[in-house]
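Taking it in order: structure first as structure tokens, then the write-up.
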Amino acid sequence: MKIVVTGAAGFIGSNLVKGLNARGIDDIIAVDDLTQGDKFRNLADLRIADYMDAGDFYDRFAEGAFGHVEAVFHEGACSDTMEPDGKYMMANNYTLSCNLFRACQNQNTRLLYASSAATYGGSDTFSESPEFEKPLNVYGYSKLLFDQHMRRELGMRFENAQTQVAGFRYFNVYGPREQHKGRMASVAFHQFNQFQADGKVKLFGDYGGYGPGGQMRDFVFIDDVVAVNLWFFDHPEKSGIFNLGTGRAQPFNDVAIAVVNTLRQSQNAAPLSLEDAVRGGMIDYVGFPEALVGKYQSYTQADLGALRAAGCQHVFADVQSGVTAYMQWLSNAKN
């Protein structure tokens, strides 16, 4: 069974390869752009059949150069929500995805692709329906445009799909193998490094009607993202657009105190309440950056109705358990 993973050296892509390997699947073509060379580390401990540069792959795949491919996990994209170059964003996230979809349809290959919660943008309702889709940046728009293209081709719920097409609106994903992402890495990753360097972590202060560190997101652990992708891989009859979050909004303060207490525990120090951590100078609230005003989601919470209706009953980790596991992984990786 041949599988393609695009963005395979990236955060979610490499974890998908890891998840497939855990099932004994290694006939995997890993597709990426290794201009940022240190991303190779995400593939170094994994088993793949071949690697191909993204610049070469898409045309060759469309020509049928790889024989029958069972499924493409399409994670390759520009995921920088602050990227200002709209032409670059649309070429990478929209046009390329449209071409890949056509090639998959022509070859009877299943397509499981990364959409994004950024498609909702300024909405206060996070349900897979057009009236709630209000992107705040060109990244979110590029993802929404491809979802809209799929709806035109396959029907609103992809009910006309002859071969599986499933899009996943990832919420705030965090976990191992994101170290290459720079400013786009999760808050938990940055706070790990901040605490190691300075003994404190940083959060935004008041913004959007929320108090310091009170902005709320649906934080989802990478292992859960992989598990849901693989559930759909196991259920080829299921197509559509699905939110992939926990269904729980939690404040950034929850992430911060989980980081602080897990790292304190590794130093044999007692856990602290949020108030005590703030009082002790371990959580530092900073002014909200002007560049993000009007482009920032202060609240997200996935509506899991469509996911559950499809039959996926996966139980998601909360911030406390997921961030704790991640901090332990980062500590072990550093040592």
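Note that Cβ sites are derived from N, Cα and C of the backbone, with glycine treated the same way.
As the structure is a computational prediction, the values presented were derived from the model and not from experiment.
Other C-beta atoms found within 10 angstroms of the C-beta of Val173 (NADP(+) binding site) number 22, with every protein chain shown included. Look at Swiss-Prot and you will find Phe11, Ile12, Asp32, Asp33, Lys39, Glu75, Gly76, Ala77, Cys78, Ser79, Asn92, Lys143, Val173, Lys181 tagged as NADP(+) binding site.
Per Swiss-Prot, active site, proton acceptor is recorded for Tyr139 (among others), and the stated evidence type is sequence analysis. Taking Cβ-Cβ distances under 8 Å and a sequence separation of 6 or more, the neighbours of Tyr139 (active site, proton acceptor) in its chain are Cys78, Ser79, Asp80, Thr81, Glu83, Met89, Asn93, Ser116, Ala118.
Annotation for Tyr296 (substrate binding site): spatial neighbours Leu136, Tyr207, Gly208, Phe288, criterion Cβ-Cβ under 8 Å with sequence separation of six or more. If you look up Swiss-Prot, you'll see Asn172, Arg183, His190, Phe204, Gly205, Asp206, Tyr207, Arg217, Tyr296 marked as substrate binding site, on the strength of sequence analysis.
As annotated by Swiss-Prot, active site, proton acceptor applies to Lys181 (among others), with the evidence given as sequence analysis. Lys181 (active site, proton acceptor): 16 other CB atoms within 10 A of its CB, across all protein chains. Classification of Lys181 (active site, proton acceptor) by DSSP places it within a helix.
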Site with most surrounding Cβ atoms, counting all protein chains shown within 10 Å, from the binding-site residues Phe11, Tyr207: Phe11
Close in space, distant in sequence - His190 (substrate binding site), Cβ under 8 Å, 6 or more apart: Lys202
Least surrounded among the binding-site residues, given as Gly76, Gly205, when other CB atoms within 10 Å are counted: Gly205
Cα distance (Å, whole number) from Phe11 (NADP(+) binding site) to Lys181 (active site, proton acceptor): 8
Between Gly205 (substrate binding site) and Val173 (NADP(+) binding site), the C-alpha gap once rounded to whole angstrom: 22
Separation of alpha carbons, Asn172 (substrate binding site) and Lys39 (NADP(+) binding site) (Å): 21
